[in-house]
Amino acid sequence: MRMTVVKHVMLTLICGTLSWGVQINTLAYASAIKSEDGFDMDEDGVYGDDIQDYINAAYTHERPFIQDKSKHKMETYTQSLLHTDLETDSQISRERGNYINAQELGDGNNEHVDLVNRTMTKNVLMKHGHRNFMDASILYKSVHGITHLHAHQRPTEVSVAENQQLLLKVHIPQENEHTYTERWSFLPAAPCKLTPPSIQQVCIKHGACIHDVVVDVDCIAESMEHTLVEIGYVVHASKAVHPTWTVVNITEDFANYGFDTPDVKPGVLKFEHMNAHHAGVYIWNLQGTHGENMYVTFLVKLNNSIENHIDLPAVTPKPKGAEFHTWHYHSHVFSVGETFSLPMHLQYKIHDTPFDLLLEWLYVPINPTCQPMRLYSACVYHETVPSCLSPENPECTFASPHIARRVANTVYQNCEHVNYTADCLAVSHVEPGSGLEIQNGGSALLFVNAAESMSGLYVFIIHFNGHVETVAYTVVSTIENFVNAIEEHGFPPEIHNVPSPSSPNVTANNDVISETNTFPFKTYAGITGGFAVLALVCLALALVCTKRKFGHRSYWSDKAAYGQSTYYAGVPVDDFEDDTEVEVDEGAECGGSGYTVYIDKRTR
């Protein structure tokens, strides 16, 4: 059982995992042939015996012989298998074993492998239902190159009242004459009094989440996983024998926990009297001599009001916002006078409608002496951080978008369709004289008769409802001026010795004012001070009036970009410092963020 510590709050026990311990990326050379006439069908209509014979025989023959024959004989077997029903467990087990063993002989023909696996899956599911679903899945998953089959299931939560019986039970495999070893491990909850273990949704990445047992990182050192009991047994071939298994060994380790000896048999762990010491995480692991490897996890809680406990179905929260992913090249070399396209291939899922979308292209020239150029993507999300506005070595740095050139952008406002490029109105703008054109709804740039001066670092930014969602970049240059570019995820070093605009340089005056000249000076200072106070009061009143009219955010306007319409882009602010109430004029919309795209509808 592998554990991973999650930052600050959790340790994830990756559980409910089924791994058969065999690599079946390709099930090759199962078509090792007996004769040019193909395989001999047995009485059940299955060619398994012939295949197994020649899989075994292949170890004593030259591999090229097997490879040459398999290419044109595999089809005979697979086409026949399409019309063959696997009626019994023994046939299914035998066929699966044949193909698992076959993988050791080579890479095989993937097209035929696909056909065999889909046929096996169909037969198993139709004839044997849920119990053999994993048998079928193993064959199907192999087609897609999955080395191990991991079946993530939600851990089971068990609440038991004090002094009541605690029974944990798992369905065990019934493969005839197979030997299995089971291990029950225990992670006590007692050391985690403030934050006991719980079942939570754990996300490996956006949209890829599983339910797992989460243990607070602060109590991991005190609450370690220990083996409680280990049991080995053999499954009998005849179901007439009861029980259908024989225990061959059992080891126990309960002394450290003060447990009474439980009732243990294959797939079962039972305590007669539940108490606080029994609460925690129980992990059942089964390993077999044929590569089986299964995990099941239980979260056991002490509940003094078990009669009032109601298991509610898990509620998966509805995804919000949007997801954008880009595929692109990080460099493009061109010749002067060439016309070419610079695309950003987008894959996206939009969960909230209506929405505002801004696709913009920014540009900074490249300096051939910079090796490399550096893009600080954190500055795209935090445009006004001082080190982003005044980065060290600015000629070789892309930091805040405020100090870059916006060469093109496309705006989709109040769009109610997920397919925004086809169903929503777009407003695009390209910097005049740039030699650029917008393509693919704003996600690509067309360079027309590209000049040397168009070489630069082009940064593509997607804003969804005013928030930056994706940042991508490409260096476009001639071969003579090519430089590499790398993305840094922190903030750039700030340039040193930059005079602050709010602190002008003042030269000290060492002249001494005589006592006789102090009266005119005081009079002048009093008059000047009075005017200054009056000016400050007027300025404060003007700011209050302006704030009430336009809200607490400032906006810049570029009427030339859209003709009669006015395009507004939010000036970023610190949301933690500015918590005043937003007032928006009637007829306009604001997304409520320092990075919000804001378009006045009345001017459209």
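In case you wondered, yes, glycine gets a Cβ from its N, Cα and C as well.
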Query = Can you tell which of CYS388, CYS396, CYS415 Swiss-Prot lists as bonded to CYS370 through a disulfide?
reply = CYS396
Key: Swiss-Prot annotation of region 'Interaction with gI' - which of the ranges 192-219, 276-303, 332-359 it falls on   = 192-219
Query = Among the glycosylation sites ASN303, ASN419, which residue has the largest number of other Cβ atoms within 10 Å of its own Cβ?
reply = ASN303
Note = ASN419 (N-linked glycosylation site) to ASN303 (N-linked glycosylation site), Cα to Cα, whole Å, comes out at 50
Task = State the three-class DSSP label for ASN303 (N-linked glycosylation site), counting H, G and I as helix, E and B as strand, and everything else as coil.
result = coil
Request  = Calculate the per-residue pLDDT averaged over the topological domain 'Virion surface' (25-526) and state the result as an integer.
outcome  = 69
